[in-house]
Structures are given as structure tokens and as C-alpha cells.
Amino acid sequence: MEIQFKDGLVPVIVQERRNRDVLMLAYANAEALELTRTTGYAHYYSRSRQKLWKKGEESGHVQRICRILVDCDEDAILYEVEQTGAACHTGHASCFYRTVEGEEIAGLVFDPEKVYANKGE
């Protein structure tokens, strides 16, 4: 299988294995994908910070990998995970917690000000 990286990155959709909720969309480069495969925990590449990161490295809200799938065009990845805590840095279980009209449809799982205090997030 030959993953199609565009500009060195591939989009990664993240889904909770237990209830199939979509948790987030992120990007991985080849190194992040390899770290994910070898460690069993989700790693990504931050486009804004230009660096690798392990999900939960600061918050403790890690994503344990259950399975990694690739789409039919081999240009997108799906991580099926068991999420510890919340996936979104805003404190929501999923990054998809509001409608396009701005209505919040899910409450906070944690207080991000407490979790990321003094960590620069």
C-alpha cells in the first residue's frame, strides 16, 4: 500500500471505536504515521507549529490506536481509537461540537484553562 502524501502530509480522520463518533481531523506526515504504528498511540504533524506531536502529550487525553484504515484513493487515513478524556483542545469530546450556525451541541468534558495552565496552549 502506497499512502499518497500531498506536500508531505495526509489528512487523518479520527473516530472513537466504541460509538463511531468522529472526534477530529488532523494531518500526519510519514514520521507521524510510523510513530503511530509503532507506539500504538496517535501522532500527528502540526501545520501551524511545524512539528510532530503526540495526542495528549500535554493534557493526558491520549488516543490509543485500535486500527488504521486507508481510503480507496490511498490519500486519507482513518484512525479508529479509544479516546482517553476529550479529543478537542477546547474541552469538548469531539472537535465537531457546533453547527455551522454556531450552535453548540455538546458540553465541555474538561476545563481547558485548568488542563493547559502554564503550558502555552
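Glycine too: its Cβ is placed from the backbone N, Cα and C atoms.
Under the heading Mg(2+) binding site, Swiss-Prot lists Asp71, Asp73, Asp75, citing sequence analysis as support. Counting every protein chain shown, 13 other Cβ atoms lie within 10 Å of the Cβ of Asp71 (Mg(2+) binding site). Under DSSP, Asp71 (Mg(2+) binding site) is assigned to coil, being neither helix nor strand in the three-state scheme.
Residues annotated as Zn(2+) binding site in Swiss-Prot: Cys72, Cys88, Cys95.
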Env. residues of Mg(2+) site, Cβ within 8 Å of mean position of Asp71, Asp73, Asp75 Cβ: Gln4, Val70, Cys72, Glu74, Ala76
Least buried by Cβ count (within 10 Å) of the binding-site residues Asp73, Asp75: Asp73
Sparsest-packed among the binding-site residues, when each Cβ's other Cβ atoms within 10 Å are tallied, from Cys72, Cys88, Cys95: Cys72
